[in-house]
Structures are given as C-alpha cells and as structure tokens.
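Features reported for this protein in TrEMBL:
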type	residues	note
DOMAIN	73-411	domain 'UDP-N-acetylglucosamine 2-epimerase'
BINDING	ARG514, THR526, ASP554, GLU603, HIS606, GLU625	N-acyl-D-mannosamine binding site
ACT_SITE	ASP554	active site
BINDING	HIS606, CYS616, CYS618, CYS623	Zn(2+) binding site
Amino acid sequence: MWKMEKQPGALNRNPHELYYLRMQRTKEKMDREKTEENLYQNKRRLKVCVATCNRADYSKLAPIMFGLKSHPEEFELEVVVLGSHLIDDYGNTFRMIEQDDFDIGSKLHTIVRGEDEAAMVESVGLALVKLPDVLQRLSPDILIVHGDRFDALALATAAALMNIRILHLEGGEVSGTIDDSIRHAISKLAHYHACCTRMAEQHLIAMCEDHSRILLAGCPSYDKLLSTYHRDDYMDIIKSWLGDKVKENDYIVALQHPVTTDIQHSIKIYGLMLDALISFNKRTLILFPNIDAGSKEMVRVMRKKGIEQHPNFRAVKHIPFEQFIQLLSHAGCMIGNSSCGVREAGAFGTPVINLGTRQTGRETGENVLHVRDADTHNKIYHALELQFGKRYPGSKIYGDGNAVPRILKFLSSIDLDEPLQKTFCFPPVKDTISQDIDHILETQSALAVDLGGTNLRVAIVCMQGNIVKKYTEPNPKTFEDRMHLILKMCKDAVQDGARLNCRILGVGISTGGRVNPQEGIVLHSTKLIQEWSSVDLRTPISDALGLPVWVDNDGNCAALAERKFGHGRGVDNFVTVITGTGIGGGIIHNSELVHGSTFCAAELGHIKVSLDGPECSCGSQGCIEAFASGMALQREAKRLHDEELLKMDGMDVKLAEPITAAHLISAARKGNSKANAVLHKASLALGVGIVNILHIVNPSLVILSGVLASYYQAPVQQVMLERALFSAQSIKVVKSDLEEPALLGAASMVLDYATRRTY
C-alpha cells in the first residue's frame, strides 16, 4: 500500500487515482527542470560593441572593455575605432588600444580635416555614410557610446536608426558649451544610461528618461585611477616626460580645448594662458588641443610663441592614461578647460584653474578655481599664484572605483525581448481636448497654500482673485504630519477643482520664515512653525501632484497679492507691511519683488528702532516686532491685566478668557491711559521703522495689512509727517482691502508666472 498524500479530497479518492496524480506531478517537475536547463544552456552571450573616437573617451571606455573581456562566458566584445584615433597629428592613438590587446574589428577614417565648423559637420556626415555597413556586419545587441563628441552623435544616430540598443555613458551632465546640446541629443537617442553623479541622474529624469533604465554608476575611469595612482615609480614617469630636474608638485599640466560656439574668444584665452605660463616660469607639460573647430588656430598660436622650443615647456600630442594619471596627481597645478581638470583631478586634490566657460556647469570639488572671464594675462597669472603648489582633499563626486562592476551587472540585466522602442516618462498632464466647450469654459486657477503658525489653509483661487473653495485644518506640530496633511489637502482640492471646472495651473505656497524661492526650500522658519527648517517643499508636492510649485515667504506673498489684486496694481514701487502676530512684509521695486542676496530682504519686523528695547523673537532687542506685533501687544496687555491696570468701566474680561491685543485696544479706546501709552509707543516704533524704509527704498505707497492695520494706519501716517524727510512726507499709508493676502499672494505666483516663466 502506498502512502496517501494529505490534500483536500485525498481520503475520498481511490489508490489508482492518487497514484496517477503523483506520477503526473513528478513528470511536470522533470519537464520544468529540463526546460530551465535548456534555457540556461541556450542563453547566448550579449554582443556588445564599444565605439571609441579619441584618446579622452578611450580612458573612460577602456575599463569597461577590460571588464567585458574578462567575462567571455557572458559578453562578446566588438571594438570600433574612428575619429581622431586614426590621425597622425593627434598621435595615432589607436595603437594604445592594440597595445592593450584588444582586437579592433573596424577602423573608420571619419575626420574631414580643416578644424573648423564645416569640417565638424562634414565629419559627422562621413561617419554616417560609413557606419551602417560596419553596424550591419557586426550586428551588436548593444552599442556603448561615451560623452558629448560630434563623432559620438554620429554613432548614436546611426545605431538608433538601425534599431540597435544604445548605452550612453556620462549623460545628464552640464558643461556650458555646445557639448551640452550634443550630449543631451545622444541621451534622447539612447535606450540606457550609465551616469556619473546624482545630479546627472536627476537631470536625465527631468529630461523624461525612464528611471528604471538609468544606472548611477560613477565614472569608469575612476576604477582605474583610484586603484593605480599610488605607484612607486611615479617619479620615473614624471622625469620621462619633463626631464630629470623636475620635482614633485613643482610642474604644471596644461590642456586647453577650443570652445566651438566662441572660437575667437577661446583662441584669445589660449594665448593669454600661454603668456601667463611663460611669465610664471615653471616647468609645464602642455598637451595639444582636441580636433574641434579652432584647434588649428590654437596650435598656430602655440607655435608662434615658440612653445615647442621653449626650455620650460614639453608639448605632446598624447600620453597613455596610466602615465597621465601619475603626471596629473603629482602636479603642482593643472590649467586649461579639459573635463579631466574638474573630474579626474578632483580625486587627487590637484589644484585646477579652469579657464573660460567650457566646464563651468559641471560639479566640481573645492580644488577648482574658475576664471570664467579670462580676459587678461594678469588675471590668469594671479590664479596661478593662488593655486600652484596647494593640495586639496580628494573628492569622489564622479565615482568610488566600482563603476565597471555596476555597468556589467546592468548590461547583464538587459532583456533583449523587451520592446526596442524607448518610452519617455513625461510628468502627468491632463489630456488635451480640442474644441470642447467644457475645456473652453474652464476657469484658469491656482492652488494656494498658507502655512500659518496655527492653521494650514488651502484654497482654489481663480484668475480674478476670487476664492472658489477654501479648506482649513489645524497645523500639525511635526514635520511628517504636516507634509502628509499638505499633500492630502492639495490632492482633495485638485479633485474638487476638476468638479468645479477649474484648471489648476500650479501650486503657490506661503510660509513663515526665510525661503529660497529659486529652489522652493524653507531655509529657516519662525518659532511659530516647529520642525520647519531646510525643508524642500517644491519636490515632494510637485512629484505628488504633477504640477509646478512656487514657494515664498508670507510677507513677500502679501506684497505679490497687493501687486495683482490690491492697492499695488499699476504701482511700480511700494512696500507692504503685515501687522499681525508678527511683523513682516515685502518690497516691490520697479514692479519686481526684492528677495536680496540671501533671501532675507524685507524682514521689516526686525528693523531696529531702539538699542535697548524689549527682546524680539529673533533673539535681538529693540526690533519693530518687539514693540508693535500682536504678540508684543498681547504681552503688554497681560502685564497690565496682572497689575489690575487694564480693565475699564464697560469692559467685560472674564477670568477664563485669554488676554489679547484686542483687550488692550479696547481699553485704550475707553480712555485707559496705560493702554494708550503702550499703543502710542507701538505706533511710534512702527512709524519710525517705516520712515527708515522710506529713506532706503523710497516707495510711492505704503500698504498696511493684517489684523492691526486699521488701528495703525493713522498713527503711522502722523509719524511719517513728523519724522520723514520732506520729500517722503507725502507718501500715503493705506490699509489693505484684501481679506486673504497670504492665499492670494501664493496664488498670484502661479497665475502670474505659470505661463510667463519670469518668476
């Protein structure tokens, strides 16, 4: 008797049926294992073609090529060489590829000599004519392309049109020249990306590239340079290139390339650099420029100045990467505009002088000194004096030495059965409906958020400044709860907006404290809002809603509200002063909001009007806010109440009722001399502060906003008449008519700038 399996219904089955089921299950298992074994045995190697165009990109591609070659069971490597590798004037650098024991499958002469703009275009065309035959013959699964050269653009274009998958190295970076346009164009053609830095990864995502196809690998050249630059024979290498008398950290490496969008200026900078190096009188290893348009003229400048015969200079066309690492890491300084100055040199802490604009967009370590406007010999010479001989901490912005293993693993994960057609990850947008009456009648609106110390408010605000719908919740005490509530309220408002036929253009946020509106970050908050410093508001809200987000200080928002909807309409220069729990405001100058260099312009509440006044919430003494804010008046009201000096006939102050500024004002209006004295002092402090503002920015209008505005209007106008310069005495003080200045100001950032893009 065989053992019966414990399964549902097993006790009700006869032995023959159970035996049949068991044999069937065993057969299915054997078939499955056989299928998996066949799939493993039949899995073919990934055919990877690496195309290299010049000495610079080979230094990045070589580590990957060695990695591919060391895994023959997984990868089949094909090598294509083109571009300046095959030109004698540039060192015939294809030989170093052969010396590295790589089989070059194809050599393509693609460079049209001339070294000008037309020659670059003709070279791209020649490459496009020759590449199809090679790619068709090799038929790779994937083509690896590096960087931002015009040769690489030809490679990517040919491969994309021939339905060959492309892996692009070093996409997403910014260098400040035509290379950016070429690099981004290659990224759009490429199917996969291996980038070097977190910022580059974010740039690719912003360019709508699929995040799942982006690998943050680091720079492949770092794998080699971080493991090999500690060599015992480095002085032998240095002396072989610069002579026996040269010492460590006592020579310069110079490498300057033309900037193809401004060739004449880059030639001028090159000449000034050579003059400065001659004057500096240090041993210098200078490499010839690359083959871009303008290089021929730069070489002429070098020869005209006799650099090749000068005893301090050694001019060379090519240096093997391993030796170049030693020369760079032990140099006293590197000068020029090569990317290796802002990338590889940072790993060693070698001081670098970057001339012109060619690399100013790249991320750099502290070792780089930019001379963007290198227009004089003295400026470059002074930079040499500042940098030469220094040592900086090593930087690993561009890699940690493990890029190649990551890239090989990434290549292994590519599914060749998935669709070749790449897709882009556009941010969510509402479907366009052409010629639909509902679309035509949509109300263009903004989502406005006001982060107060007590309440969190969200509103849908239309173009005319009408609040379509408003939501209010108590402001949570912790960061996590606050962000969760903001996102929930905004999502609810967006859904309601669709039902109310409102097209939400974006989100505007008004918050207390110091704000960087360019980045959408709250830098420092007021004490009223806890856990609210160094907070990125733009990114999480924009990501969650798929809408652009603007953020600014509540005082600035009040000024923007007045400019669009209030007394400030059509006024070029005015100041808004918020008189509420605190004192804040904003300055409009020449119709633009003033933020200041560190975003703390218009901190009007912290203008000092006394050297020994009461303590302010900012920690200082004698600020306007310490005299005239709602908190200051409440403090004085409590003091008078405790001393039994506040209550007047006709005033009803219950024991359980909290004392506020309103009680102080009520007592003053009923003739309480003590309360009157407090308010007079507060009005004087606010008035003196506004007089100071008049004498600094000279606005044509002062707008008082907030709960205390109606009380302060007349006293402040009187102080101005008594204390302002004659030319400023006629400036009017008006009370704001806006009921919700913070919300309307937040909305105005969206309504004014969502289409104009000027904020």
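Backbone N, Cα and C atoms are what each Cβ position is placed from, and that goes for glycine too.
Annotations in TrEMBL come from automatic prediction, not curation.
Keep in mind the model is a prediction, meaning the values are calculated, not measured.
Within 8 Å of the centroid of the Cβ atoms of HIS606, CYS616, CYS618, CYS623, where the record puts Zn(2+), the same chain has further Cβ atoms from GLY605, LYS608, SER617, GLY619, SER620, ILE624, GLU625, ALA626. Listed in sequence order, the binding-site residues near CYS616 (Zn(2+) binding site) (C-alpha within 10 Å of its C-alpha) are GLU625, out of ARG514, ASP554, GLU603, GLU625. The CA atom of ASP554 (N-acyl-D-mannosamine binding site) is located 17 Å away from the CA atom of CYS618 (Zn(2+) binding site). The two recorded residues, HIS606 (N-acyl-D-mannosamine binding site) and CYS623 (Zn(2+) binding site), have Cα atoms 5 Å apart.
Calculated from their C-alpha atoms, the gap between GLU603 (N-acyl-D-mannosamine binding site) and CYS623 (Zn(2+) binding site) amounts to 10 Å.
Taking the C-alpha positions, the distance from ARG514 (N-acyl-D-mannosamine binding site) to CYS623 (Zn(2+) binding site) comes to 17 Å. Cβ packing within 10 Å was compared across the binding-site residues CYS616, CYS618, CYS623, and the lowest neighbour count falls to CYS618. Confidence for the domain 'UDP-N-acetylglucosamine 2-epimerase' (73-411), expressed as mean pLDDT, is 91.
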